[in-house]
């Protein structure tokens, strides 16, 4: 059975940088954002439902769905956001399970930004959190997505708090400005998770306390 490490963190925390680092050393990465993107773009039934629900306001000139506009639109409406989540999340989870099952590396990295919000923490054997100060998240989100300060603040307010994410995580990388030692992080955690994977596949149990934290600051 595949040993699953869930990578999570708030918006603009640096999850992609870390997941790409693991990918470069051969770890299978299952990214729910990429899965969601593929479902929206390639599942005709899903794309038709979204277009019918939200109309032209979330479309590009070529009639394809603009995911950034879609995200901004649903964040402003609780009912629309729930509708979209109910449409996408079951499909995202099913595809995640399929990709995890096909894993070839010693362990796999399951990238789930909404791990805590969707109460999926028990679906992974270990949780790695990328933790970032809220002010830094807002600044990065405004710069990356070209949205206003208030829009970025609203998105972050809808996510779980840093305190909640930290309380549920096993390992933490604190990313305030940049990853100066990213290769060290990747090297260390690959050794740790490969070791835990071997123990798990041999005994099916690992006697490490849930709140045993490995922190990198």
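Keep in mind that glycine also has a Cβ here, set from the backbone N, Cα and C atoms.
Some features that Swiss-Prot has for this protein:
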DOMAIN    4-203  domain 'DPCK'
BINDING   12, 13, 14, 15, 16, 17  ATP binding site
Set of same-chain residues at least 6 away whose C-beta sits under 8 angstroms from residue 12 (ATP binding site): 132, 136, 137, 140, 141, 144
C-beta crowding around residue 16 (ATP binding site), within 10 angstroms: 16
DSSP state at residue 12 (ATP binding site), helix/strand/coil: coil
Largest tally of Cβ atoms lying within 10 Å of a Cβ, found at which of the binding-site residues 13, 17: 13
ATP site, defined by 12, 13, 14, 15, 16, 17: further same-chain residues with Cβ within 8 Å of the Cβ centre: 9, 18, 130, 132, 175
Coarse DSSP state, helix versus strand versus coil, of residue 17 (ATP binding site): helix
